[in-house]
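Undergrad: Before I ask anything, here is the structure I am working with.
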Amino acid sequence: YTYYWTSLQGCDASVLLSGQEQNAFPNVGSLRGFNVIDNAKTRVEAICNQTVSCADILAVAARDSVVALGGPSWTVLLGRRDSTTASEAQANRDLPPPSSDLGDLIGNFSRKGLDVTDMVALS
């Protein structure tokens, strides 16, 4: 695998770092495996303190899961920083609920300045 350390402003993984965001309506019942990410971060941090974020672990795990299932591989750019705060109220306001249909999702992403291609890539 080839990893690059960059100054990306990627996903912040705040949902992993704050129980408040885990409890937001759009996330309830859909988030599992926190212990796997926490364990990976703990092991890396024991060797090299403050060198990896939960967001980067998630990005690498997503790529490796696709590869393990026979899909393509790609270079994962690293360097994301973990958020230290999260807001259940903001997640409830800004994240689309699981009952959203395609029109609702397109509208939600559009209000954030994102188009359908962005929505598919982020999903």
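Yeah, the Cβs are placed from backbone N, Cα and C, and that goes for glycine too.
TrEMBL does not curate its annotations; it predicts them automatically.
From TrEMBL, for reference:
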- 1-123: domain 'Plant heme peroxidase family profile' (DOMAIN)
- G10, D12, S14, E21: Ca(2+) binding site (BINDING)
- P96: substrate binding site (BINDING)
Undergrad: Across the domain 'Plant heme peroxidase family profile' (1-123), what is the average pLDDT of the model, as a whole number?
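TA: Summing pLDDT over the domain 'Plant heme peroxidase family profile' (1-123) and dividing by its length gives 76.
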Undergrad: For the residue listed as 'substrate binding site', list the number of other Cβ atoms lying within 10 Å of its Cβ atom.
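TA: So the Cβ neighbour count for the residue listed as 'substrate binding site' comes to 15.
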